[in-house]
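Visitor: Okay, so Swiss-Prot annotates it like this:
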- D9: active site, nucleophile (ACT_SITE)
- D9, A11, D183: Mg(2+) binding site (BINDING)
- K50: active site, schiff-base intermediate with substrate (ACT_SITE)
Amino acid sequence: MKIEAVIFDWAGTTVDYGCFAPLEVFMEIFKNRGVMITAEEARRPMGLLKIDHVRALTEMPRIRGEWERVFGQLPTEADVQEMYEEFEEILFSILPRYATPISGVKEVVTYLRSQGIKIGSTTGYTREMMDIVAREAKAQGYEPDYLVTPDDVPAGRPYPWMCYQNAMQLNVYPMKHMVKVGDTISDMKEGRNAGMWTVGVILGSSELGLTEKEVESMDLVALQERMEVVRKRFIESGAHYVIETMKELPQVIEYIEKQEFIIS
């Protein structure tokens with residue numbers, strides 16, 4: 001079986017090591033309202049369309065309780081819309097600083113293309129946000145063949161529509177000839193819902209949530225323990241394979257191409 005296309009996520013997978021661009025902004029918009037949320041809470045819905053991410057945060061029991069304590073009522077859809085507008089304003093100002101390709105990505109993409117494999121992409125960012133990220137990433141040497149944002153389809157992750165749109169534009173079918181690579185739970189669900197081979201990447205991921213310096217300085221045993229937690233989350237969410245870095249992807253694809261069975 002031949003893999004004909006790989007569909008990459010963006011932040012935390014191919015650019016923005018650790019997926020830090022949106023994290024601080026999510027925390028800030030709640031802090032501005034007197035509601036403190038943790039980095040772990042802020043990361044939990046990562047990969048969703050960003051307004052859905054804000055909405056998911058307001059639906060978390062602890063955050064809802066804290067909001068009610070501060071405001072005397074539960075958060076409303078109007079609150080979600082107001083926070084999202086603030087989120088966008090702040091994020092747009094910092095996005096250009098968070099589009100650096102993660103180590104190994106450009107080399108792997110070059111190799112995949114040499115094997116005749118097309119490169120697509122999906123994201124939780126809007127089209128307007130991706131205009132910034134994609135432009136900056138291209139200037140630094142990374143540009144997929146196609147990009148789909150949640151704006152382009154009826155719904156973002158975990159729905160499979162962005163992957164289907166990639167398949168149509170790249171002219172690849174059936175879906176078992178495509179691989180989805182991402183760094184969040186919603187990426188894994190997106191890939192599986194689309195009927196694709198699905199691969200989670202640990203280092204640089206939002207799920208791991210560490211900077212490169214933190215990874216380099218962390219005690220090896222402690223790092224391995226944290227990586228194992230992420231590995232299990234990916235597998236439980238549907239990943240067929242989990243890799244530590246992008247450099248392992250070609251080997252995984254070679255292994256997949258030797259398989260004769262149809263994924264389910």
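Any Cβ shown, glycine's included, is placed from N, Cα and C.
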Visitor: Go through D9, D183, the listed recorded positions, and name the one with the sparsest Cβ surroundings, counting other Cβ atoms within 10 Å.
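Guide: Taking D9, D183 as the recorded positions, the minimal 10 Å Cβ count falls on D9.
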Visitor: Far apart in sequence but close in space: which same-chain residues, 6 or more away, have a Cβ under 8 Å from K50 (active site, schiff-base intermediate with substrate)?
Guide: P22, Y84, F87, E88, L91, G124, Y125, T126, M129
Visitor: Centre the Cβ atoms of D9, A11, D183, go out 8 Å, and tell me which other residues of that chain have a Cβ in range of the Mg(2+) site.
Guide: F8, W10, G12, T13, T14, D16, C19, M46, G47, T123, G182, T184, D187, S205, S206
Visitor: As a test of the contact definition, list every same-chain residue at least 6 positions from A11 (Mg(2+) binding site) whose Cβ is closer than 8 Å to its Cβ.
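Guide: Result: C19, A21, P22, Y98, T123, G124, Y125, V133, S206.
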Visitor: What is the interatomic distance between the Cα atoms of D183 (Mg(2+) binding site) and the residue listed as 'active site, nucleophile', given in whole Å?
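Guide: With the alpha carbons as reference points, the distance is 7 Å.
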